[in-house]
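The following features are taken from TrEMBL:
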type: TRANSMEM; residues: 16-34; note: transmembrane segment
type: TRANSMEM; residues: 46-66; note: transmembrane segment
type: TRANSMEM; residues: 73-93; note: transmembrane segment
type: TRANSMEM; residues: 105-125; note: transmembrane segment
type: TRANSMEM; residues: 137-155; note: transmembrane segment
type: TRANSMEM; residues: 161-177; note: transmembrane segment
type: TRANSMEM; residues: 184-202; note: transmembrane segment
type: TRANSMEM; residues: 274-291; note: transmembrane segment
type: TRANSMEM; residues: 303-325; note: transmembrane segment
type: TRANSMEM; residues: 345-363; note: transmembrane segment
Amino acid sequence: MKKWVIDKRLLKQADFSILIIALIISVFGALNVYSASRASYGTHYLIAQFVGIGMSLIVVYVILLLDYSFMSNYATVFYWIGNMLLFYTAFHSEAVKGANSWMKVGGQSFAPVGFFQVILTIFIARKISDMDGEVNNLKNFSILMLYTLIPVLLVYKQPNLGEAIICLCIALGIIFISGIDLKIIYASVAIVVPFVLILWNSSLLKAYQKARITSLFNPTGNEQGSGYQLANSLVAIGSGGLFGKGFLKGTQVSGGYIPEDHTDFIFAVVGEEWGIIGAVALLILYALLLYKILKIGIQSKDLLGRLICIGTFSSLTFSIFQNIAMTIGLAPIAGIPLPFMSHGNSFIFSNFMAIALVMNVGMRKKKINF
């Protein structure tokens, strides 16, 4: 039984405040998911959300049992397994709301991309660690980008542009903090910009994806089309005022005017029912969480641990910024859920797996003789 018990000396080094902050955000998220979905689904999504949170805590415990260095030994195996799952969902799964992002196992649906992002964090961190941080070597940089582009293209094929960008951000965040030369950055930008222009004028970028981007510049120009979601989100947040309308009292939310308000547009629910005060409180919690992740990364005993923390930081930071920015009209709608807040057990699991990895690094920042 001892192998299933975490040594007390390691527990003393764990920063459980990270887990507490994540739980506070998750419980707050569950309440907002309930408010957004109760008219159509009653308590179904609320119960599902709490079940997901509870099961996530078990996953956190299991991850804390294993040394992150040990887990990284199997990163390559899980990387390729993950890519096979992404390939399957992209080409062989049934489409849900126009995207082939889900697969069924034992009657239950799950989206493998969230789990893969955690795997990608460990994988890229381990590769750079094995390279002794030599990311400016052209061969090493090319290898890293190849490993990154494989899942990015598979996720984009689903099509899931938002999650594909997150995969890219994870890898680029880790590579950047490893000390990438500015010349390589400039050269990469010079290659990417023409590619983006070609992509925009090709059939590879779907019409609805272009509409989401263009609606950013005129959110109320097509309120019954591409700008409908954003226009109603802005109304909800604006009507919330300083203190909000109160829990379960949001008229935009209860009226069903905001599609996907229990997932991608959950921040609109926060804005309407909890007001500026509630929104700012949520942002403060996110800031504390990100600060603690960075702190653990800085204090890590090795490059691998530091890069794992940076990958997690990059993923969460981009997701939080993009999600909130798109609900207030500052970024294109990219279908990216809000960490620990949006509905979805696969999403909740992957969020808690990511912070469990960070806690794992923090627990082992000092060598302990067993």
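Quick reminder: no glycine exception, Cβ is built from N, Cα and C everywhere.
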Contact set, same chain, for the transmembrane segment (303-325): CB under 8 Å, 6 or more residues outside the stretch: 68-69, 72, 117, 120-122, 124-126, 128-129, 132-133, 162, 165-166, 169-174, 177-178, 264, 267, 283, 286, 289-290, 293-294, 296-297, 331, 334, 336-339, 342, 354-355, 357-358, 361, 364-365
Range from 73-93, 105-125, 184-202, 274-291 with the greatest count of C-beta pairs under 8 A to the transmembrane segment (161-177): 105-125
Cβ contacts the transmembrane segment (46-66)/the transmembrane segment (105-125), at least three under 8 Å, sequence gap 6 or more: no
Contact yes or no, the transmembrane segment (345-363) and the transmembrane segment (73-93), 3+ Cβ pairs under 8 Å, gap 6+: no
Non-local residues, at least 6 beyond the ends, that sit with Cβ under 8 Å of the transmembrane segment (16-34): 43, 45-46, 49-50, 53, 60, 247, 262, 266, 269-270, 273, 282, 285-286, 288-289, 292-293, 296, 338-343, 348, 351-352, 355, 358-359, 362
